[in-house]
Amino acid sequence: MLIAIEGVDGAGKRTLVEKLSGAFRAAGRSVATLAFPRYGQSVAADIAAEALHGEHGDLASSVYAMATLFALDRAGAVHTIQGLCRGYDVVILDRYVASNAAYSAARLHENAAGKAAAWVQRIEFARLGLPKPDWQVLLAVSAELAGERSRGRAQRDPGRARDNYERDAELQQRTGAVYAELAAQGWGGRWLVVGADVDPGRLAATLAPPDVPS
């Protein structure tokens, strides 16, 4: 079973991935996790990160160029994802294809039914062959709370300076709205929307009931 955890920067995705992994293991399931972008492992991801911190000229100003870099990062992990899915009962991804659709649409002031989201779906799923997730879980929190967490994370870790996307509060708000639309229309497969107070054990049981094989 392939599960993608989605949400704006600072939503708490990493924490949810850790807690959900623990819940699945407690239920007797084997679990693997993978986070995107794969900074430090993927040239495409590293170039994107550098662009979001002011390098590479005007690269970051191009929505489609940045989206392509993030897509190529995931494309480079296709075989890794497939291997994990064969070797484990549950594979949990911290961000996946929907993040590209949400941020790209938000940057262009489009909604989930716009050209950017449709393009991401064609490029990543159809052209690059990314496997579709069995579930996409949207961790829906307020933009204010996400912003506070993002700022706090940067203060605690001097090496984790916020990038251009993370510093743009209006972009984060628009991205959250697009995410909600993607979930409502079932973009790319099944969605489940949860809040910051979600119980990991109950979430695991909903995503993969104990009597249903992964």
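From the backbone N, Cα and C atoms, a Cβ is placed for every residue, glycine too.
Swiss-Prot annotations:
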BINDING   G7, V8, D9, G10, A11, G12, K13, R14  ATP binding site
BINDING   D9, E166  Mg(2+) binding site
BINDING   D9, Y39, F70, R74, R95, N100, Y103, D163, Y165  dTMP binding site
REGION    147-159  region 'LID'
SITE      R153  site 'Transition state stabilizer'
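Feature map: annotations from Swiss-Prot on the structure.
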residue : record            : Cβ neighbours (10 Å)
G7      : ATP binding site  : 26
V8      : ATP binding site  : 33
A11     : ATP binding site  : 25
G12     : ATP binding site  : 18
K13     : ATP binding site  : 23
R14     : ATP binding site  : 14
F70     : dTMP binding site : 23
R95     : dTMP binding site : 23
Y103    : dTMP binding site : 26
Y165    : dTMP binding site : 18
Looking at the binding-site residues R95, Y103, Y165, which has the shortest Cα distance to A11 (ATP binding site)?
R95
Top Cα neighbour of R14 (ATP binding site) in the set of binding-site residues F70, R95, Y165, E166
R95
Taking Cα atoms as reference points, which of the binding-site residues V8, D9, G10, R95, Y103 is nearest to E166 (Mg(2+) binding site)?
D9
How many Å lie between the Cα of Y103 (dTMP binding site) and the Cα of K13 (ATP binding site)?
16
Tell me, in order along the sequence, which binding-site residues from F70, R95, Y165 have their CA within 10 Å of K13 (ATP binding site).
R95
Rounded to a whole angstrom, what is the C-alpha distance between D9 (ATP binding site) and F70 (dTMP binding site)?
15
Tell me which of the binding-site residues F70, R95, Y165 ends up closest to G7 (ATP binding site) in space, Cα to Cα.
R95
Once the chains shown are all counted, how many other Cβ atoms turn up within 10 Å of the Cβ of E166 (Mg(2+) binding site)?
21
Whole-number answer please: how many Å between the C-alpha atoms of F70 (dTMP binding site) and V8 (ATP binding site)?
15
